[in-house]
Amino acid sequence: MSSSHTPRAQSSSPRNSSDESWDMSISRNVPRKSQDSGDSLDELDSQGKRSMDEEDVGLHDQDEEDNAPLLDQERTTNLGANEGLEALATESGKSNMKMAFMNMANSIIGAGIVGQAYAVKQAGLIGGVVLLFGLTILVDWTIRLIIINAKLSGTNTFQATVSQCFGHFGLIAVSLAQGLFAFGGSVAFCVIIGDTIPHVVNALFPGLHDIPVLGILSHRNTIIVLFTMLISYPLALNRNISKLAKASGFALVSMMVIVLTVVVRGPMVEKSPDAKFTAPLLTFNTGILQGVSVIAFAFVCHHNSLLIFESLKTPTLDRFARVTHWSTGVSMAACMTMGIGGFIIFKDKTKGNILNNFPGDDVMANIARFCFGLNMLTTLPLEIFVCREVILNYMYPEQANEHDSRKHFISTTALVLVAMIISLFTCNLGVILELVGSTSASVMAFVLPPWCYLRLTKNGRWQRIGCWACIAFGIIVMVLSTLQSLVKLFQDTNEEHCVV
């Protein structure tokens with residue numbers, strides 16, 4: 001990593017009380033000189049901080065040229081130089097706050113949104129609402145904590161920050177967390193392809209499944225193999241993901257179509273006659289920790305936070321905080337609508353993928369399935385890209401981004417095949433979301449950010465208690481929720497999660 005820092009611009013505008021209170025909240029018990037980074041908080045405070053008097057309310061961008069990057073602009077990491085991320089950073093360098101909001105919201109409102117009703121079912125109605133509010137606040141804080149940690153340590157990536165705080169052990173931990181989160185997402189996306197596209201194919205060609213030989217083309221596993229290998233796999237072989245990232249606008253549209261389908265069409269769908277509510281389902285259910293895991297899977301975007309921060313024209317703490325507040329707030333509203341609405345409609349029959357509760361011939365549901373399935377086909381290569389980079393850069397750090405075509409081809413093919421094969425043996429999206437959320441998502445969202453902050457600062461008692469409480473929460477979720485999910489995975493053989 002380059003040790004040179006870009007010169008920082010001093011803001012000449014007066015700072016109001018809200019700025020000063022923010023400064024005090026950061027620096028009250030932080031040493032004036034970070035022993036790990038060597039950057040004083042006087043410098044940290046002056047890195048482009050701007051008066052709220054000069055900023056518009058909301059997400060309006062500023063055009064003044066008083067910005068200076070807070071972190072190194074060279075996109076290098078302890079995992080090696082990354083041309084894909086470098087291209088993304090170059091393209092996103094022109095983004096204003098609205099564009100940054102779109103990027104972060106898209107990172108949050110992803111595949112996990114179809115599991116929010118299932119999360120509410122697992123936690124109970126009241127428990128689900130409490131979790132969505134509480135985890136939104138917690139995730140909002142830890143996302144911003146990553147930026148503060150990077151500034152204090154003088155690094156510009158999540159991997160580099162954790163590595164500087166914990167050495168080689170930290171590099172292994174963050175690499176595993178990011179790699180497993182991306183791989184778990186890949187498996188989930190393959191399952192979603194199998195949940196969505198077959199319904200669309202059968203609706204377009206009603207008699208296809210009765211035709212000899214050709215009927216196999218309507219089967220779930222056949223469609224997973226064909227669509228994954230013919231569409232997602234060639235895209236995953238690409239070395240540069242910047243063009244794929246442009247699909248974020250379509251992704252948000254597809255999410256809105258799904259939410260509208262559940263809220264508008266859901267009440268009109270014929271329900272299962274034995275669907276019911278119980279006291280635990282309406283209050284606090286026994287699967288509340290599994291509900292935490294599913295929500296965590298949806299809300300984790302911590303691995304993208306520094307990239308989004310640097311994409312701002314004026315990357316300051318205040319501006320990024322507003323982007324984070326808006327993104328997590330809007331995402332919470334969407335997840336709340338999806339979770340509560342879907343659970344109230346389908347009650348105890350709510351499935352891990354809410355779209356599986358709709359009939360296979362429902363037109364509006366099939367439109368939502370088509371949008372969602374197409375989105376997964378283009379999102380899967382992004383997750384494979386992350387897995388591949390983590391594996392290759394960890395195994396061959398001396399080669400950085402100069403991996404030969406043979407390693408690139410073999411690693412990509414292996415990752416796609418393994419993720420696809422796993423998805424052929426399960427339709428239970430809920431358990432996949434639980435396992436990924438309870439392990440890698442919990443580590444990235446609840447354990448590493450506050451732990452790094454404790455290593456970089458010498459806080460007072462209450463600040464340390466808050467950080468340790470967050471770490472303990474993440475570890476409890478990681479252990480107990482994972483055990484519950486594994487037990488359910490091997491014992492729950494009665495419920496069909498998909499029928500295609």
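Positions of Cβ are set from backbone N, Cα and C atoms, glycine also.
Under the heading compositional bias 'Polar residues', TrEMBL lists 1-16.
According to TrEMBL, the compositional bias 'Basic and acidic residues' annotation covers 46-61.
The domain 'Amino acid transporter transmembrane' annotation in TrEMBL covers 94-485.
The annotation region 'Disordered' is assigned in TrEMBL to 1-77.
Look at TrEMBL and you will find 100-119 (among others) tagged as transmembrane segment. Packing against the transmembrane segment (100-119) from elsewhere in the chain are residues 59, 92, 128, 131, 185, 188-189, 192, 248-249, 251-252, 255, 258-259, 262, 290-291, 294-295, 297-299, 301, 304-305, 308, 311-312, 320, 323-324, 326-328, 330-331, 334-336, 338-343, 346, 350-355, 372, 376, 379, 429-430, 433, 437: each is 6 or more residues past its ends and has a CB under 8 Å from a CB in it.
Taken from TrEMBL, the feature transmembrane segment covers 125-148 (among others).
The transmembrane segment feature in TrEMBL is assigned to 169-194 (among others).
The transmembrane segment annotation in TrEMBL covers 214-237 (among others).
Through the fold, the transmembrane segment (249-268) approaches residues 102, 105-106, 109-110, 113-114, 117, 334, 337-338, 341-342, 345-346, 354-355, 357-358, 362, 364-365, 367-368, 371-372, 374-375, 379 of its own chain, all at least 6 residues removed from its boundaries and within a Cβ separation under 8 Å. According to TrEMBL, the transmembrane segment annotation covers 249-268 (among others).
Long-range contacts of the transmembrane segment (288-309) within the same chain, counting only residues at least 6 positions beyond its ends with a Cβ under 8 Å from a Cβ of the stretch, are 70-71, 85, 88-89, 92, 100, 103-104, 107-113, 115-116, 118-124, 127-128, 131-132, 135-136, 139, 142-143, 146-147, 150, 156-158, 178, 181, 315, 320, 323, 328, 331, 335, 386, 430, 433-438, 441-442, 444-446, 449, 476-477, 480-481, 484-485, 488. Marked as transmembrane segment by TrEMBL: 288-309 (among others).
Same-chain residues lying 6 or more positions outside the transmembrane segment (329-346) and placing a CB less than 8 Å from one of its CB atoms are 101, 105, 108-109, 113-114, 116-117, 119-121, 125, 128-129, 132-133, 136, 255, 258-259, 262-263, 266-267, 269, 271-272, 275, 295, 298-299, 354, 357. Annotation source TrEMBL lists transmembrane segment at 329-346 (among others).
Annotated transmembrane segment per TrEMBL: 366-387 (among others), in sequence order.
Annotation comment: TrEMBL describes 408-425 (among others) as transmembrane segment. Beyond its flanks by at least six residues, the transmembrane segment (408-425) meets 183, 186-187, 189-191, 193-194, 221, 224-225, 228-229, 232-233, 236-237, 239, 380, 384, 387-388, 391-392 of its own chain at Cβ-Cβ distances under 8 Å.
Feature annotation from TrEMBL assigns transmembrane segment to 431-453 (among others).
Residues annotated as transmembrane segment in TrEMBL: 465-487 (among others). Long-range contacts of the transmembrane segment (465-487) within the same chain, counting only residues at least 6 positions beyond its ends with a Cβ under 8 Å from a Cβ of the stretch, are 138, 142, 287, 289-290, 292-293, 296, 431, 434-435, 437-439, 442-443, 445-447, 449-451, 453-454, 459.
Listed by sequence, the residues of this chain that lie at least six past the ends of the transmembrane segment (431-453) yet keep a Cβ under 8 A from its Cβ atoms are 112, 115, 118, 138-139, 142-143, 145-146, 148-149, 153, 158, 161-162, 165-166, 173-174, 176-181, 184-185, 187-188, 191, 289-290, 292-300, 302-303, 352, 459, 466-468, 470-471, 473-475, 477-478, 481-482, 484-486, 488-489.
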